[in-house]
């Protein structure tokens, strides 16, 4: 480790020590960076495959220690490492000599707190090791032998075999949580083998299976705890070594309320105010908000919210502040001001809180400056006012309660031209008059005529700008500026017509800029500006190439420069061979004017002209482009045919630039075609009188300076087909229903010939003959041959050169077939005639013979064989009974028919009609019959045949039907059917199955809480055949219909108690029984009694002397026992917050005051609640 943060007692550092100790490792503390490389070299040695740890020791205290090490003759070397503060190691061999570097000791590592020694080929015997360290330290001794044999390891850890015991689980017996909170149920499992864990609530599985390898903790979370979560929870552990379960009970309590309310609330005067007071958990019927409509100033002040719940009470205080919207008054509302004079506007604003006041002019915020000054009283002062300061002024006041504004209009006091002239001031009294005359002159601001804001002129041409004065008194003086600087007059720049015209004789790019004409008189200034733009003709930059003859290869890119510079930017256009070009998939005119061709083709050859044009002029640039293309052969047919002995010409046309040369080669692409082939002028290959030897592949190759192209052509020389055996007639013999193949292969035919098959001069197809198919082209196969296939077949093979034919004659033989040759049953009647049929067919016609009981029948006066093969017995007697066989035979085979005399089947009386069986037992259904021949027995169940060997525990065993394990669904009718050739008979057997009663989840006790006086209904969920007898017990006491309070259903499965009493609580058990067994189930009924007051023990008025003891009782009972809380004057009293001298009894039914004080006087309320209801009782305590 390179650092331990100065704390070797820290749990994190202790973890490293435990890891090292368990694995026989060691911790080295490195104080310097240079120590790292030395330790790494040691680690490389220590991790060799043959090294084994001999001894590992950890010492918690400092000091010297002695260790004895047994060494035998097989140990090749051993290493001792000591890690600690200022370590020291002394080694003594079996002869008692100290081992040092002079006699075999080698230092592997020597740092300030790490020391490692190594000894090679140690002497056998007992070695002694003495170690010392000033602090906590560790010692490791490792050894390797000379043959890689492992030594026994002596370490801090050991592994022993242990018989796996069953798992154990631990869980608190009860968990209590508050409503809407999170509750964790922890199941601690101890097991040394893997196990599976399940969670249950009551008898319902809620989680699992969860898989664990060994001892672990399982947690089940109950989020947003609710009273519905109350109940028993079970943690079930299942493993190969056994099972274990542990149970806990969860109870939900109502938490003490916590109020969430703002410290302060503000409302605007005259509006509605809302004071929110939310309690957690929030399960209230109301939302806890106080609304005050149209609040007034006297509504301001503190408000207290008080919440009472079953978990306690809480209060919160909210302060309501009333806000007044701002009001603004501006004086004066309108006024006139003199030019260059000053004026002020007052603004009085009120409101709560005090509003923020700002001034606006023409809706724009006024910033404080020398010209605009705002006093601390919000008065606006405007200095040096001019026409621009005339307009609408706004004083705007803003606060949290709203915004308010008031306005003032300021106008400039001016004179019009109509006021000019002579004015006389006359003074008069009774002694006379005197007057003075004055002349009023009105000056006017100059007004200039509007002109174009921009003037364009071609470079080198004159530029003229006019500036006409329309109005001005006195006449203004005109001044000219360029780019806001006085214009310098020179030889090329002149001003005419008293300054109203500016002329630049030869405008150049340097003359561009903004020219301003200013008219000045005592009334003020007027200006007008014109921007002058100098237009220059286009020029190419850089200069175009001298040589503009371009040669490119097809497919390459081509970029034709046309970078023209001018002002304004010129319009660039391109033409090819005088045809305009635009940007398209083939051409792209780039922003700089260049023409770009992504992939050139031969069609792109031509003269390209680039033109650049603007108002100042036009220039052009010409390119002569030649695109070279490699040869490309024109697509033509790749396969050519010629009849043997005919001539043929094969074309090979090529395109390219320059025109390519065409040559022909054999398939290898190297050897030129030999005679009799010749190549004509257009590149075609000519062959005179073709033979089979000229068939094959040929290569046409076109070449020019750019490249080459070639294609392969196949030449086929056609020959006439030849069929083996042509001119002969082949004889084929086959039997009916066999398969025969007629083969007609062609020899040396090119192109591939076609085959035509004929039968008796008619074309063979699927409609002509049945069961035929063509095997490829040269074979015809007939399957299941019949007599209609006999006859002559011809096979003709032909192609475009010629044809050949072979004939086949097919002869078909049919084995004998006796009509209706299935075995028959006949009934013999003594003295009557009997005709036994035996008609047959076959090719050639078969001969017929008869046998009775294996002996041949010789025709006589009593028995004769008819022409159709039938046997006629003229007068039947008992000697004619037995088995008859008719045999039809010819050269193709024979057929046999058997005829027997028959007796119909009958059911023997000993066959049972009804079987009664208990579920789970075995039974065998027998059907005893007789008949000739022996009847075949078939079984049916619910009108469906039983055909499989095993079906639903039912299996066939000969003529019997076995049911290995009778089930309830086996109840019903089984049918036995006996069949032989003489007839059929059936017999029905009824199987009655008695099923023991079955109750779902019999071991789970169903618990229910019922309020006193409410009805109780219990149902026993029984499944049984036949219907069992049901009995009900309450605490092992039999319930009968004699108790009029209890109503039983017709089958006794349900009982109803309309009005429950306290005596009806307890454990109910239903027991169902029949001849096959019985089953039972328990129900737990708890009668919940609402809290009830024992008025005989209640004291509603309690009078006690000051400083005397007082006891206030709450005589309330109920089931379950109610939870009791106490209130004083509506405020909850908690055990932990009561003053000294007041306490609540353990059962909470008494509140005891040891020394009553004035503050204890008031109304005490006892609130009792349980699942059945809540009851409040008041008692008044009066001090005397």
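Yeah, the Cβs are placed from backbone N, Cα and C, and that goes for glycine too.
Under the heading domain 'Ig-like', TrEMBL lists 167-251, 326-413, 446-529, 538-626, 631-716, 721-813, 816-901, 905-992, 1002-1086, 1091-1182.
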Feature contact check the domain 'Ig-like' (446-529) with the domain 'Ig-like' (538-626), CB under 8 Å, 3 or more pairs: yes
The domain 'Ig-like' (167-251), counted residue by residue under DSSP: helix, strand, coil: 3 helix, 58 strand, 24 coil
The domain 'Ig-like' (631-716): DSSP-derived helix, strand, coil residue counts: 3 helix, 44 strand, 39 coil
Counts by DSSP class (helix H/G/I, strand E/B, coil) across the domain 'Ig-like' (1091-1182): 9 helix, 50 strand, 33 coil
